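Novice: Right, I'll just put the structure down here and ask away after.
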């Protein structure tokens with residue numbers, strides 16, 4: 001597995017992202033809060049991380065949910081994955097939603113999401129009158145079964 005140089009700036013005193021295991025694909029992002037807050041069932045909130053990054057051109061960062069928070073508490077990300085473009089320089093924010101049945105307290109320094117880095121290509125659109133045929137055709141949205 002190779003490495004990607006990513007410049008990072010702490011906007012507040014917050015932990016730097018880190019890989020939790022040797023072969024982890026994503027780094028954990030932590031909440032950077034002046035005070036803990038409660039996320040009620042059905043409620044969503046933009047949670048700051050206190051971090052900004054500079055990605056090399058041709059890369060994106062994907063902000064994804066943490067499986068443990070989803071399984072144990074019903075905490076998910078509204079836009080998953082969230083995309084951080086290579087030219088974005090603002091603070092990374094995580095839009096959490098409580099899909100569980102109980103209030104959930106978000107604490108300062110708590111690991112709330114993970115971030116994965118990926119190459120990305122820009123499309124060059126070629127307008128045509130017809131698209132090539134495939135066995136699947138236009139079948140979608142459950143056409144192969146439940």
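Each residue, glycine too, has its Cβ placed from N, Cα and C.
Source: prediction; values computed, not measured.
Taken from Swiss-Prot, the feature substrate binding site covers 66, 67, 68, 79, 83, 84, 85.
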Novice: What does DSSP assign residue 84 (substrate binding site), in three states?
Specialist: strand
Novice: Would you mind checking how many other C-beta atoms are within 10 angstroms of the C-beta on residue 85 (substrate binding site)?
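Specialist: A count of 11.
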Novice: Which has the fewest other CB atoms in a 10 Å radius around its CB: 66, 83, the listed binding-site residues?
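Specialist: The binding-site residues 66, 83 were compared, and 83 has the fewest Cβ atoms within 10 Å.
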Novice: For the substrate site as recorded (66, 67, 68, 79, 83, 84, 85), determine the largest distance between any two Cα atoms, in Å, rounded to the nearest integer.
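Specialist: Answer in Å: the longest Cα-Cα distance is 26.
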Novice: Using DSSP reduced to three states, classify residue 68 (substrate binding site) as helix, strand or coil.
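Specialist: DSSP call for residue 68 (substrate binding site): helix.
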Novice: Under 8 Å Cβ-Cβ from residue 67 (substrate binding site), six or more apart in the same chain: what's there?
Specialist: none
Novice: Can you give me the same-chain residues 6 or more apart in sequence from residue 79 (substrate binding site) with a CB-CB distance under 8 Å?
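Specialist: Listed in sequence order: 95.
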Novice: Using Cβ atoms only, which residues of the same chain lie under 8 Å from residue 84 (substrate binding site) while being at least 6 residues apart in sequence?
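Specialist: 53, 55, 60, 61, 62, 63, 92, 115 - these are the non-local Cβ neighbours of residue 84 (substrate binding site), listed in sequence order.
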